[in-house]
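**Student:** Here it is, the structure in full.
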Amino acid sequence: MKLQLVAVGTKMPDWVQTGFTDYLRRFPKDMPFELLEIPAGKRGKNADIKRILEREGEQMLAAVGKGNRIVTLDIPGTRWETPQLAQQLERWKQDGRDVSLLIGGPEGLAPECKAAAEQSWSLSPLTLPHPLVRVLVAESLYRAWSITTNHPYHRE
């Protein structure tokens, strides 16, 4: 199974790149994790936000591999505690399909992305900066993997 993070935004601060890459390199070869960045639509005073969101959504869905399970990152999604996420990761592995996790831009996810999703995951009831979400998702999935393989990274 391959994990794919599809995120709006291409110009991340160095700390995001450093943090995300640190977890990315830890994933085992049998569970590769990749990042696909979608350029954010140009926002300005007179921008058509609805159209920008629609375009970003189209690009996100086009980046998702055929047959992939789509999981959106969204506040109203399901909140998993770490052991529950580990169980979810095991179910995804048993399913045999690759998993695409979608992170929207400043206005969130396009309705088309939400409609295409099989699951929605909420990291927190707080609104989090999208760059930070990349690092949190990578760390959370790595921690979940460590639980499923009895790796010493996670401690109770």
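For all residues, glycine too, the Cβ spot is worked out from N, Cα and C.
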**Student:** Name the residue, out of L36, L61, L73, that Swiss-Prot lists for the same S-adenosyl-L-methionine site as G104, L123, S124, P125, L126, T127, L128, please.
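**Tutor:** When Swiss-Prot describes the S-adenosyl-L-methionine site, the candidate it includes is L73.
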**Student:** Compute all pairwise C-alpha distances among L73, G104, L123, S124, P125, L126, T127, L128, the residues listed as binding S-adenosyl-L-methionine, and give the largest one in whole angstrom.
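**Tutor:** For the residues that bind S-adenosyl-L-methionine, the greatest Cα distance is 16 Å.
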**Student:** Within its own chain, what residues at least 6 apart in sequence put their Cβ under 8 Å from the Cβ of G104 (S-adenosyl-L-methionine binding site), listed in sequence order?
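**Tutor:** Correct list: V8, L53, E56, M60, T72, L73, D74, A110, C113, H130.
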